[in-house]
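Here the structure comes first, spelled out in structure tokens, and everything after it is commentary.
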Amino acid sequence: MISTRLARAGALAPKSRLFLGTRAFATVGDSPLDKKVEMANTEKGNYINYKKMSENLDIVRRRLQRPLTYAEKVLYSHLDDPHGQEIERGKSYLKLRPDRVACQDATAQMAILQFMSAGMPSVATPTTVHCDHLIEAQVGGDKDLARANEINKEVYDFLASATAKYNIGFWKPGSGIIHQIVLENYAFPGGLMIGTDSHTPNAGGLAMAAIGVGGADAVDVMAGLPWELKAPKVIGVKLTGEMSGWTTPKDVILKVAGLLTVKGGTGAIIEYHGPGVTSLSCTGMGTICNMGAEIGATTSMFPFNDRMYDYLKATKRQHIGDFAREYAKELREDEGAEYDQLIEINLSELEPHINGPFTPDLATPISKFKEAVETNKWPEELKVGLIGSCTNSSYEDMSRAASIARDALNHGLKAKSLFTVTPGSEQIRATIERDGQLQTLEEFGGVILANACGPCIGQWDRRDVKKGEPNSIISSYNRNFTGRNDANPATHAFVASPDLVVAMTIAGTLKFNPLTDKLKDKDGNEFLLQPPTGEGLPAKGYDPGRDTYQAPPADRSSVNVAVSPTSDRLQLLAGFEPWDGKDANGIPILIKCQGKTTTDHISMAGPWLKYRGHLDNISNNMLIGAVNAENGKANSVKNKFTGEYDAVPATARDYKARGVKWVVIGDWNYGEGSSREHAALEPRHLGGLAIITRSFARIHETNLKKQGMLPLTFADPADYDKINPEDTVDLLCTQLEVGKPMTLRVHPKDGSAPFDISLNHTFNESQIEWFKDGSALNTMARKSGAK
């Protein structure tokens, strides 16, 4: 059920059994919050400041005089100015002080290059870098890792030396996926973290507000500046009942994605609550929060509970769990807190779901999936099943998957489809190796990949089908846009729980329902797979495996960060030019994008990841995946000056060489997907002025602003249809003011009379400074130079 009215937590959600005691406003008294509790075992001197958070909440409560959702509590407890900050959900821009920053290696390169240009000796906020994106899956874990270390040596050496220089924790290649490492080591209840990856919200499984951002936002926080976020609305998801059988936490978010769609969470935090929460493991809650990125949510969160305490204890952080219990009344929603929208899901009635193909919000319950395959003529044969990724690679996930594989092996069966396994971290890999699940999955036919992102982000040297050949794959990943996993636009990629992935690889077909359909064993006897089983936490504790962490040295003065001037992978940054103070007249439309334009379309990953530290080289992939509304083709646009069709980046470079600015016209939810700021840096670098769309995804809109570009939306979305890609336009930049529309004057290609289109924007005063100065980094440099 979905309710779009303001919904009170107390009225619609009975008191949770997460903890005994009151859920009202009561604030925490003296002593307990004065303790010095470090936020991570890998660091010294970085403390959890529940006392400051509590004081901030007291100030905000006196001002607002109303109950708060849990999401609001975490954000407002991190306000830079709780006394003076304007607070209105969906409208105000909050200036916040995050506790931590986390960066993955593909985005960390540009973030660190930008931080270096700010001229500071060390980061002002605890920061870590995680090497997980640059390892291509080819033959298997150790060999793929060795190959990656050789190919990416220049980048890894840069990151290792830069993190040592600037007091940043460094997780080496093979350590695991950023979000699993964060959950195991850095996430803590009530904390606020930003990360340069869109699936940063994974840490919501430990009651943390963890938000994906672009590298420029990360640089601000690393430099000690407050971070700005438009105050999100809060969508409540009340969970009742209890999961059993084949239903998993993944099915909760697959269901929610189907209800809210890929843009339904934009501008909102998804807050889970209700008695059903207690039936979920901590890592299961992480799974749900992780994939909230697919519905555009700012982040997703669960309230602190005993399952989280158990996980903290299992990961050698019981002291943090004990401290959180002292602050527990503020680690959940207030009685009577209101949500902007409420969804109710009964876990006892929830079916396993499969989402896809080509979009993560096309949700189908397993009971109707066979019919959907037939109706839509999706390729029935299942070519590959893939489990793991940052979304589903916990001990519980691997244990349940192994139980299904063992059931099949006991009946003389193995995987009929190709099958891969991606452990989420070295700790997970070592633990499931010790406890036997890894051997079971290998015996079943699984190829164990490196502890890294791999096929989930397109780092997959797939060779079993030809490019352009229609085929089906199913994974426990989070994202399944066209061509994302294997660069084959004809691959039908489906997303499900690891349990369903393993079951379907046994049958080798999409038309298999393990809840009802029988298999034949080696002797031809029919049998039904048993529902999966698996412990949420290892009974023998976690095995840390190989040591893959590099702490910053005590003396950083002698560390040098070298970037070769001839490198094709790393390039020191030059500042962007400031705005010239004039309207832009007679400029071309580089491309009018038709339909879905994700960050994968704007700046592809896969083989392009190696250029993430070299802005000019990676700009050669700008918008090559976007479909041109003029001709229905990708990477084919008409040059206004030559009349010839050419690649999008080549055309943009020609315009830049002529000193001509250009704009892009986009469709709905432009820039959905990952947090990669290259999708904003590239158009800025190649001379772009504005991106004008029906609507934007949140992170991409902010990234464009940070780089001195104008993200603008049609006041009337139907005006998108009035523009011909060969028209020229005037953009009246001098009209840029807070809360006021801007004008786009269109000069039609056919010579008919010009007409005006009204454009909206979400710039505030400080963001307008970014545009005028040329970028947020330029503004930072200007202000620091003036001090």
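These residue numbers are counts, starting from 1, taken along the chain as shown.
Yeah, the Cβs are placed from backbone N, Cα and C, and that goes for glycine too.
Among the candidates Q85, Q104, Q318, Q767, the residue that Swiss-Prot annotates alongside D197, S198, H199, R479, R484, R612, S675, R676 as binding substrate is Q104.
The maximum pairwise C-alpha distance among Q104, D197, S198, H199, R479, R484, R612, S675, R676, the residues recorded as binding substrate, is 21 Å. Cα to Cα, C456 ([4Fe-4S] cluster binding site) and Q104 (substrate binding site) are separated by 14 Å. Comparing Cβ neighbour counts within 10 Å across the binding-site residues C390, C453, C456, the minimum falls on C456. In the three-state DSSP assignment, the secondary structure recorded for C453 ([4Fe-4S] cluster binding site) is coil.
For the recorded site, C390 ([4Fe-4S] cluster binding site), the DSSP three-state label reads coil.
Counting residues per DSSP class in helix, strand and coil order gives 0 helix, 2 strand, 29 coil for the region 'Disordered' (529-559).
The distance from the Cα of C390 ([4Fe-4S] cluster binding site) to the Cα of R479 (substrate binding site) comes to 11 Å. Least crowded of the binding-site residues (Q104, S198), judged by neighbouring Cβ atoms within 10 Å of its own Cβ: S198. DSSP assigns Q104 (substrate binding site) to a strand in the three-state reduction. Looking only at other Cβ atoms within 10 Å, the busiest spot among the binding-site residues R479, R612, R676 turns out to be R676.
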